[in-house]
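Now, the feature entries from TrEMBL:
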type: BINDING; residues: 52, 78, 79, 80, 100, 130, 152; note: S-adenosyl-L-methionine binding site
């Protein structure tokens with residue numbers, strides 16, 4: 001029997017499945033303002049491949065409360081598909097700096113959404129790791145701080161709470177607000193999610209006010225016993 005020794009370890013062309021492709025989802029804006037056809041990455045270890053309930057809730061609220069950011073500077077941390085950033089840009093924010101982890105696919109996806117769904121002149125996309133130097137972010141707003149900082153569905157990352165809060169405190173304008181929205185995707189860790197707000201008060205001297213708690217249909221059909229907890233969307237404001 002003749003063996004093809006040169007190709008003995010070569011994988012067949014169809015040996016590995018293709019990586020998931022990007023997808024698109026229509027987001028319906030409030031008050032009949034139209035649709036945004038949002039591009040989502042095919043896969044992301046940072047969960048940027050889904051449009052989460054917290055992201056939709058954040059976008060809805062910001063679309064109805066333009067006084068928070070119109071003609072002002074906005075920073076979104078952990079933007080994923082950047083829907084809240086797009087809403088702020090569409091509604092007349094002076095400058096929106098939309099950031100997420102500097103993964104090329106993730107940043108390309110945000111830039112795609114900016115290019116196709118919003119005015120490009122007032123939204124800039126940046127890769128940023130929480131707690132790192134702020135120079136590149138503040139350069140976009142001429143060294144100023146941000147009037148609104150958006151944290152949508154990021155408090156699940158418990159090990160990063162201190163970095164996230166330090167970044168927020170250092171970059172929030174004196175009279176600014178940080179809008180924090182999340183859903184408890186892991187009900188057994190809800191107390192660790194909520195610990196974020198205790199740390200904000202105790203270690204960073206933020207004033208924390210709970211805005212509201214609403215219930216939407218959960219993202220996933222899982223354990224029936226936890227459905228009420230997973231349906232929750234918490235929203236808070238942090239101020240200095």
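Cβ atoms are placed via backbone N, Cα and C, with glycine included.
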Message: With the S-adenosyl-L-methionine site defined by the record as 52, 78, 79, 80, 100, 130, 152, how many Å span the farthest pair of C-alpha atoms?
response: 21
Task: Using Cβ-Cβ distances, find the residues under 8 Å from residue 130 (S-adenosyl-L-methionine binding site) that belong to the same chain and are at least 6 apart in sequence, listing them in sequence order.
output: 77, 160, 163, 164, 167
Task: Determine the Cβ neighbour count for residue 100 (S-adenosyl-L-methionine binding site): the number of other Cβ atoms within 10 Å of its Cβ.
output: 25
